[in-house]
Structures are given as structure tokens and as C-alpha cells.
């Protein structure tokens, strides 16, 4: 577990209290080789303050060669140079040591370091990204060996040091002046607007030097620049900033701005919205958004120059799934929220990453809900983000939100569902408890007090306590400092109810000795009363309850699971309609029960009973939870034809009331109706509804024969996936050919996921060899999607595991240059097995490989396999008994 690994290690980070405090960087990048060696030269001048006498200066540098280093003191009068030598002191941590010929006293100090770097394709540091142009490029400078390239940066969390020597820690903020040397026909972008452009002559004829305005004080991970053959679309904010409307631009490679119209409008209004609700104006003079074709992260919040993977910001109304539009809206809102949470106010250290990511996630959903209430976005949050966090946090391999990090590897592994989704979930819980008005008032004070500086959770709690009158620290400490979450059990004896909390049980052979007590906002909801401020802060409590039937966790804002007594659950199931439960409540009831069933805490029949109470609902997120629950149970029936037939009959009965939602039009005019149609189709597939399967086959065949209207853009992913899963070589090869041909925004990702659904092992092997071939038809940033599809494919997940073992050198060589790509591939691909033999083989295999980056992902995978195995081995008899007792067998 990350917390345990880090707690006994010496940290490799520059300390929070350090003798050298940088204040300003002057960075020049020049002699950039596009093609050939792909090298560049640079000079960085770092002005800093020595706060005590020092004889050496340690800073970060990696993947760059130091050519010369100079140190000057006495900056307040006439700078004096002192002799210095530079050597690598901690290569694994990318640290260098500048040793001084004499100790320097407290005061101003300047480092001038000349260096040479390499622009590789690792998607970190200063890197290159290839793309297929949508239109012919007007610049030959970006074409190398018939490939088009753009150059960009990605520095979060610890990659600025791979581009230039720096003090690469979030608390070491400074201002930046940047100049870039590039071809005259290319565009240069950075955090700030261009200050000047100088056309070069002589040996550098055909080049220009672009200088950018000085940035505000910021952390190194937020610095950014990009060079390419770009175009842009622009919108102006409605709000006035320093006397004028701000330009908001989306930059793309040539020909793609027509797909950025939705994004630029969303970005401009989200910028105004956050300035309003946070009580602090966006402080930069521009806000650019750049599409980067090879990018492992979905997006990155670089101040003033936000970067995105194409499928996270672009949308084509003629070809894209509406899901892409919703995703783009959220990602834009998330990254813009970072301009305040992370950029303006930065966490003091990486252990408090949740102050960045948890808040940006919550604020992203908040903004979407404000502008798109018809999307029911909080229902989607509970269905997706919250469940992902609860699932991970139920494992022993999880970690506390706020936890010590020992080195850069630990930092990179902090970017997970705990910091993003558990973090945002507990914020949502706190907002509900103290009230949105008081919460935003406290947030505004927190932002104003710590603007252009660093902050801690303690400072946040203090600001919120002042605005709300609630002891926020006492309420929230366990939520951020402890691993896991509570399970609240409910027993009723009218007119009272007894509630009790304990840590949600783990699937483990070890005794669970945790004694954590959380402050749990119960959110009691009945037909005639509500107790929004009820709090369980002890192990158990008895509360008066006038309603005989009630639900805890109203709107499912609390980060906990609820277990009702059998009698209360039966009454609650019968009263779902009369209680007027929200989408969030319904999703929460189903997901809680599914988690209890998967953990062996309740029989599967209880879940099947509960699902029947929602069979008439026409809500896409409710049916998303139903689909996930059915998929979980369906794995149990594999190999037993009698139980499988009974389960299919049950599922057919369940879906019958909403089967009319299938129009085959995709309901492209309505996001939620379109999502509902997809869910109903997928449940019909689980139910083996032959008429639906036949319609899918016919539509796929018509499409394959050239009838593009046979498949609506909103249903392409579903139909392709089912056609391949129910088909054979012909369907697989058709979609594979479409993958190669397709250059729409999301077309290739749709095809790749569909190909992973093949039931034919030899075709699954072909897909893996295709994906890992030297031709790199599948970009590294998408290989985890392939792993997820094959890993969740019960017919072919063994093929994936065999390939990983047999071709590990190829897999590792392809993925090892990017930790995120490597860990996502393993974690997404190998956790769906239900076999202890596989779990043991997997443990032995990775132990022999001794790859430290994979220690935690492999622990997560192994724990999930053990949980799956326990459920599938234990659920069969009880499921058969329930199906028979209820007339389905």
C-alpha cells in the first residue's frame, strides 16, 4: 500500500523548508531539431534567495545534459561569479548538486545553467507528438519522414526537470520568462501572451525568437509551451476583466477547429462562472486550450495554456457519440476549475494533491449541472465517479486521501480515483452538510488568503469553519487521513431506528482490526420528514424516526455504504415509488446492494429483488447501475446452462417495461435519452433477447455494405461491440478495417474497444499483435483501452494474460517510458479474473520482474481477483435457489 511504502522511506523530494528559494526563471530554448537527433539547447537563469549559508545547491534535472553551470552572488549590487561544479547526486530522483568553491551567505543568488535536452515521444517533459493532418499542412517544418509532428510539454507531477534544470516542487513557486526559437512558419504558445517576435538572420535565417510575457508566481509543473502548425477558434468572455473581455481560444492542428466550436463556447462561460462563484477573477490575460494528439492524460491545467487529448475536447456533431460532448464539457470545466484550485492556490506538497484534483472534479460537475441541468449530471457522478472511488477504497491496497509520498513514483501513483473521486465525493458531502452558500463563502476566503501561494487542508478547514460555524476539521479528518469508508447498518423498531457504523469489510484472509470512526452525515429521508443534519459520530446511535420507511444518505451525498435489515429493505423496496427517490438515491440503493453482494455480505437474491423495484424507471443512470449489477451476476452463471437460462428469463422480465425505449435512432437530440437507449440495448443483450440481437446483426451488415445511415452515431459503440462479441472473423475484420480507415474524433477508440469484445481467442491474439506491432497502429495512450476490453471479455481474457507473459519484453518496452501507460494497462486489463490460480501466477510473474512501478497496481489486481473468486464460487447455489423460488427456473 502506498501509505505503508512511503511511511518508512527517506523522502527524495526537496524539503518544504529549504535553504534556496527560487523567485524567477529566465528560460531560453533554441537550436530545436525537428527530426534527426531531436535535440535542443537551453539556458536557464534562476534567481533565488539563500536563507542560510550554503556550500552546495541541490536542484532537479533529468533527461538533460548539463553543459555549463555558473553561480553569481551579490545581486543587490554588482553580481560576483564564484566557481561551481555540477554533478548528479541522486540519479534515480533526477537531482543534481551544484558544488560551490566557497560558502555563500544569505542573500540573492543566481544560477545560470546551459544544457542540452532530447525531445522524445514519452508524453512527458518536452516531447513530440505525431498526427495525421486533417488538411494539407502549410508548413514543411513539421513534416519528418512523411509524418507530421507538434512539440509540446507535460510537466505534472515531476517532469519539468526532464525539460530544464529547476526546483521541481509545488511549494517552490516563481515567475517565468520564456523565449523559444522556432521556424518562422510555425506558431509558438505558452502560459502568457507573446511579448515580442524577432526575425533571425544569418545562420539562423528562417527562424524567429518568440518572447512571452512574465507569468504570475507559479509552480514548475504548470509551465508549458508548444510549437506547431496551429490554427484557432476564439470566443470572448461576457465578463469584464481589467476593463476588457478575455480571449478564450482553442488551438488545433490545421483543419480541426471546426470540431472545437462547442468547446470554445463552453470554456468561455465556465471561465466567467468560476470567477463569479469563487469570488476571485481569473488572473491571466488569456486562456488558451490546445489539442495534443499524443497525450496519456486526458488534459492538463497548465496556467493559460491547457492541453487536451483530442477526445477530451473536440466534438463532431455529424459523427461523434453524444457521450463525447458530455465528456468534453466536463473535462473543460475540470481544467478551468484548476486555474483556481491548483494554479492560483497550490497544495503545499503532493501529499495534499486532493486539494487540486478533488476540488477540480467537484467544481467541474457543479459547473456542468449549472449550465446543463437536463443532463442530470449528479446522477452520473454517483453512477460513475463515486462508485469507482468506493470500489477502490474498499480494497486493502487503497490509500488515504492525504498520505506521505516518498519519491516521484509515489507521487505519480497518487493520481487515482482516491484523490479525484473520493476527494470530490467528500467535498460534495461537506457542501450538502454546511450548505452551498456557506461553503462557497469559505472557499472564496480560502482562495483570497492563499492566492499565488501554497495551502494545506488545515487552512481550508479553518476558512470553511469560519463561514459555516461547523467544526469542519473534526468532521473531515478521518475522511482524508484514514483508508476506507464506513458501512452504516440500519435496524428499525418503530418509532426508533438504530444505526451503527464500522469500516466496510475487505475481502481478505487477515482479520480486520480497524477501529476508525467517521463523522457520518446520515441524510435521513422519509415520506413525511427529513433529517439533513443528522450526524453519526460514534459507533452506534438510536434516533427517533416518525416514518416507518425511510432511506439514509439522501441524494447519496455521503461517502458510505448502507446495509438495511431484511425487513426494512423489503419495505423500502416496495416504497421506492412513493418516496419519490432521486436518480442519485436510486443509483445509490442499487450500487450499495451490489457492493454488499459482491463482498459476500448479502445474497444475490436480495439484489435481484431490489432491481425489480426499478424496472419501470426511465433513467439512464439507474439503468446503468442495473446493467452493471446484471453483468456482475451473469459471470456467476457462465458454464451452467440451467442457471443461465433462468437468469436470462429474469433479465427479460426486468427489461420488458422499458424495451420500448429502443428506437435505433440513438436519440441524438437528448443526451440522457440517448444514454438510456444504449443501456436498454445492452441489458437486452445480457438477457439474450433474440429480436434485439437480430436487429444489431442486420444493422451492422447494412452498414458494412455501405449504408452509413444504418447505425446512428450515438449507437455505433454499442452496435460495433455487440456485433463483434456475437460474431466471428468477418465482423472482427470489418471493424479492424474500419479502425485503420477511420479518422473521426472518437472512431478509432470505438473500434478498438469493440475489437476487444471478440469471443475468438485467435482473433484476440491477432488484435494484441496488431496493437504491439512496430507500426504502432494503436497509440500508446490507448493501449489501456484495449486491455480493459480484453480483460473484461470472459472468452478471451486468458489470451491477454498469456500474451503479457509470453511477450513481456515487447509489452514492457512499449509502455515503460510512461508510468501511467504501464500501470493503466496492468490495472485495467488483469483484474477481472475469478481464479486463484491466475492470482498466484500473476503474483509470481510480477514478483520475478521486480518492477517497483507495478507494486501497487499488481496488489490492486490481485485483491480484485480474490474478491471475484470468492463471489463467483459462493453465489451459485443461492442464485439457483432464488431463481427457482421466483419462477424463473
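Just so it is clear, glycine is given a Cβ too, placed from its N, Cα and C backbone atoms.
Taken verbatim from TrEMBL:
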- 335: active site, proton acceptor (ACT_SITE)
- 334, 338, 357: Zn(2+) binding site (BINDING)
- 21-222: domain 'Aminopeptidase N-like N-terminal' (DOMAIN)
- 262-479: domain 'Peptidase M1 membrane alanine aminopeptidase' (DOMAIN)
- 550-867: domain 'ERAP1-like C-terminal' (DOMAIN)
- 420: site 'Transition state stabilizer' (SITE)
Inter-residue Cα distance where the pair is residue 420 (site 'Transition state stabilizer') and residue 338 (Zn(2+) binding site), in Å: 12
Model confidence over the domain 'ERAP1-like C-terminal' (550-867), averaged pLDDT: 95
Secondary structure of residue 334 (Zn(2+) binding site) (DSSP, helix/strand/coil): helix
Chain-internal residues near residue 357 (Zn(2+) binding site), provided their CB is under 8 angstroms and they sit 6+ positions away: 342, 415, 419, 420, 423, 424
In three-state DSSP terms, the structure that residue 420 (site 'Transition state stabilizer') belongs to: helix
Cβ neighbour count within 10 Å of residue 338 (Zn(2+) binding site): 26
